[in-house]
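According to Swiss-Prot, the protein has these features:
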- Ala10, Pro11, Ser12, Gly13, Ala14, Gly15, Lys16, Ser17: ATP binding site (BINDING)
- 3-181: domain 'Guanylate kinase-like' (DOMAIN)
Amino acid sequence: MKTRMIIVAAPSGAGKSSFVERITREDSRLVDIVTFTTRSIRQGETPGLQYNFIDHADFEQKIKEGFFVEWAKVHTNFYGTSYSSLETAWNQGKTAIMDIDIQGVATFKSKFPDAKTVFIHPPSIDELRRRIEKRDGKVPADIEVRMANAEKEIREASKFDYQIVNDVFEKSYGEFKKIVEDLLA
């Protein structure tokens, strides 16, 4: 039986969004679940494509309304996944795939034990730092928070069903694609 939910997690800057965005373009059996966030939009992002961007007050109201399957405060912003986005994917007969933070993975696994999880490792902590520093608008304090969180997240990787090191993107993506294809068979 094919998997109904694939969860991809990684430290910020390890490549999880790139993997998920590409595989959903290439495989029509998948729907990328777009999460909600209170963080600022980055250059090149389109609202509703990478994230649904909302302010803190709206996010907190949605929490009270029970709108989210899971939500978490990551770094200094909120992120959450709506029930309706999953229901829409499943009603279309598709597998939901999403990139979320480590906190969200535990919540999803408690509610959906059959969900499959993939952890994307950076090639090294130094390379991860370089990738994060290269992003627009990162202040040193934010970089340090992300690096501290990354070390904690990497320690959780053994709890995942699959692990990939994103050292050479095409090779790593090929490994990821094979895992997803096997889960959809």
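Keep in mind that glycine also has a Cβ here, set from the backbone N, Cα and C atoms.
In this structure, Ser17 (ATP binding site) is part of a helix by DSSP. Listed in chain order, the extra residues whose Cβ falls within 8 Å of the Cβ center of the ATP site residues Ala10, Pro11, Ser12, Gly13, Ala14, Gly15, Lys16, Ser17 are Asp99, Ile120, Pro122, Leu128, Asn166. Most Cβ neighbours within 10 Å, among the binding-site residues Pro11, Gly13: Pro11 holds that distinction in the structure as shown.
Taking a C-beta cut-off of under 8 Å and a sequence gap of six or more, Lys16 (ATP binding site) has these contacts in its own chain: Val8, Ala9, Ala10, Asp99, Ile120. All protein chains considered, the CB of Ala14 (ATP binding site) has 28 other CB atoms within 10 Å. Per-residue pLDDT, averaged along the domain 'Guanylate kinase-like' (3-181), amounts to 93 for this model.
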